[in-house]
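K.L.:
Handing you this structure, nothing more for now.
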Amino acid sequence: MQLIEGKLQLQGNERIAIVISRFNHIITDRLQEGAIDCFKRHGGNEKLLNLVLVPGAYELPLILDKLLESKKYDGVCVLGAIIRGGTPHFDYVSAEATKGIANTMLKYSMPVSFGVLTTDNIEQAIERAGSKAGNRGFEAMSTLIELLSLCQTLKG
């Protein structure tokens, strides 16, 4: 039996984009910091890293599609924060953003990591953006790095 897995180390020549929702920026700014920290710690070249800001989580799939279609990037880390409110808006936005991101990744067969928080309240979002529950932005970039390595290994 052969075990095939990715490594948590960049070569330094990977072109990466981080797409970030500005809505709930108090949370997404921290996710962005975590993702950039992970990128640097694991050998990323900051000259090859681009940050792309979008208005909200609903717009993430469209801009992800444009980035992957451009073929300028080896992978994309998608970050956002959708916090439940008093209306069904949360359910619609979180479902469509999630489906759109997954469908776009499969459409282009390119590494994409999902760092979009979907929380019931602001406290849960804060916990996942760098306090008690770690930083999901860091984790999303870590996932992307490993996925890039694994895809490269499987490519041959």
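Just so you know, glycine gets a Cβ as well, placed from its N, Cα and C.
Not my notes, these are from Swiss-Prot:
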type: BINDING; residues: F23, A57, Y58, E59, A81, I82, I83, F114; note: 5-amino-6-(D-ribitylamino)uracil binding site
type: BINDING; residues: G86, T87, R128; note: (2S)-2-hydroxy-3-oxobutyl phosphate binding site
type: ACT_SITE; residues: H89; note: active site, proton donor
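Can you tell me where each of these features sits in this structure?
P.N.:
Counting only residues at least six positions away in the same chain, the Cβ atoms of N24, I27, F90, L117, T119, D120, N121, I122, A125 sit under 8 Å from the Cβ of I83 (5-amino-6-(D-ribitylamino)uracil binding site). In the three-state DSSP classification, I83 (5-amino-6-(D-ribitylamino)uracil binding site) falls within a strand.
R128 ((2S)-2-hydroxy-3-oxobutyl phosphate binding site) falls within a helical segment according to DSSP. R128 ((2S)-2-hydroxy-3-oxobutyl phosphate binding site): 24 other CB atoms within 10 A of its CB, across all protein chains.
Within its own chain, H89 (active site, proton donor) has no residue 6 or more apart in sequence whose C-beta sits under 8 angstroms from its own.
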K.L.:
Any idea of the Cα spread of the (2S)-2-hydroxy-3-oxobutyl phosphate site, G86, T87, R128, as a max distance in Å?
P.N.:
23
K.L.:
Would you mind pulling the DSSP three-state label for F114 (5-amino-6-(D-ribitylamino)uracil binding site)?
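P.N.:
SS state of F114 (5-amino-6-(D-ribitylamino)uracil binding site) = strand.
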K.L.:
Between F114 (5-amino-6-(D-ribitylamino)uracil binding site) and R128 ((2S)-2-hydroxy-3-oxobutyl phosphate binding site), what C-alpha distance do you get in Å?
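P.N.:
Taking the Cα atoms only, F114 (5-amino-6-(D-ribitylamino)uracil binding site) lies 14 Å from R128 ((2S)-2-hydroxy-3-oxobutyl phosphate binding site).
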K.L.:
In DSSP terms, helix, strand or coil for E59 (5-amino-6-(D-ribitylamino)uracil binding site)?
P.N.:
helix
